[in-house]
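Okay, so here's the structure we're looking at.
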Amino acid sequence: MATQYLPVSVIALWLTLALSALSISRAAVGDIATQSFFNGILSTAADSCAGKTFYTYSDFINAANAFSAFGTTGTSDDQKREIAAFFANVAHETGSLCYIEEIDKSDSYCDSTNTQYPCVSGKQYYGRGPLQLTWNYNYGAAGDYLGSDLLNNPETVAQDDLISWKTALWFWNVNTGSVGTTCHAAITSGQGFGETIRIINGGVECDGKSPSSVQDRVSLYTNYCSQLGVDPGSNPSC
């Protein structure tokens, strides 16, 4: 019996349909983190908050699009949990997008033992931006990745909204820190929201060190999961 082959046109149609289905399953970040969702977080900040006019939805979306795996990895539930997890940590760190800079600026957060990104005289590396980027080595590494000299100009994170969001997304998607994994990998691989807390501030908050801070993050996460129509998954706390 002779072998029969499908016409090229049929194969091309199947490929088109398959690619279309793939694009449908990989929703854009803005389809999950909508303007309404973003505004709901921002609306809880007082009108006097510096972040009220600094943090914008459009710059968040532009920054998120620079990290193609963010909010698009795994199943629809995985994607929603990642968005909820990211904004839960952001809301905790900034008082629901109220603060651009850390309130207590007495600590310069200079690790003088770090020779790759040595502290610049007169500069302070306290928390700035949506995830409160801290320490000279994080400013240096984020700056290298983003093509912006943040080691010499850390104040940029509190002055440029797009860079500010990008530093937060760099920390979330790229930085492995002392834990050896990223927040993105932790939440999309099923390790749970608790692991993102450990990556961000586990040394200060996890293992019973600051239960109220952990509970605030978890409460925000479960609230945002509810808004996005997804269950929080396993291991919500650290």
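Sequential numbering from 1, following the chain as shown.
Cβ atoms are placed via backbone N, Cα and C, with glycine included.
The annotation active site, proton donor is assigned in TrEMBL to GLU93. A simple way to gauge crowding: the CB of GLU93 (active site, proton donor) has 22 other CB atoms within 10 angstroms, across all the protein chains here.
Annotation source TrEMBL lists disulfide bond at CYS49-CYS98 (among others). Same-chain residues at least 6 positions away in sequence with a Cβ under 8 Å from that of CYS98 (disulfide bond) are, in sequence order, ALA45, ALA46, CYS49, ALA50, GLY51, LYS52.
Residues annotated as disulfide bond in TrEMBL: CYS110-CYS119 (among others). Counting every protein chain shown, 21 other Cβ atoms lie within 10 Å of the Cβ of CYS119 (disulfide bond).
Long-range Cβ neighbours of CYS238 (disulfide bond) (same chain, at least 6 residues apart, Cβ-Cβ under 8 Å): GLY194, GLU195, ILE197, ARG198, GLY202, GLU205, CYS206, ASP207, VAL214. Annotation source TrEMBL lists disulfide bond at CYS206-CYS238 (among others).
Residues 27, 29-30, 32-33, 35, 38-39, 42, 79, 82-83, 86, 94-95, 97-101, 130, 161-162, 164-166, 168-170, 172-174, 184 of the same chain, all 6+ positions outside the domain 'Glycoside hydrolase family 19 catalytic' (49-71), place their C-beta atoms under 8 angstroms from a C-beta of that stretch. Marked as domain 'Glycoside hydrolase family 19 catalytic' by TrEMBL: 49-71.
Taken from TrEMBL, the feature signal peptide applies to 1-27.
Across the domain 'Glycoside hydrolase family 19 catalytic' (49-71), the prediction's mean pLDDT works out to 97. For the domain 'Glycoside hydrolase family 19 catalytic' (49-71), DSSP puts the residue distribution at 12 helix, 0 strand, 11 coil. For CYS110 (disulfide bond), the same-chain residues that are 6 or more apart in sequence and have a Cβ closer than 8 Å to its Cβ are CYS119, GLN124, TYR125, TRP135, ASN136.
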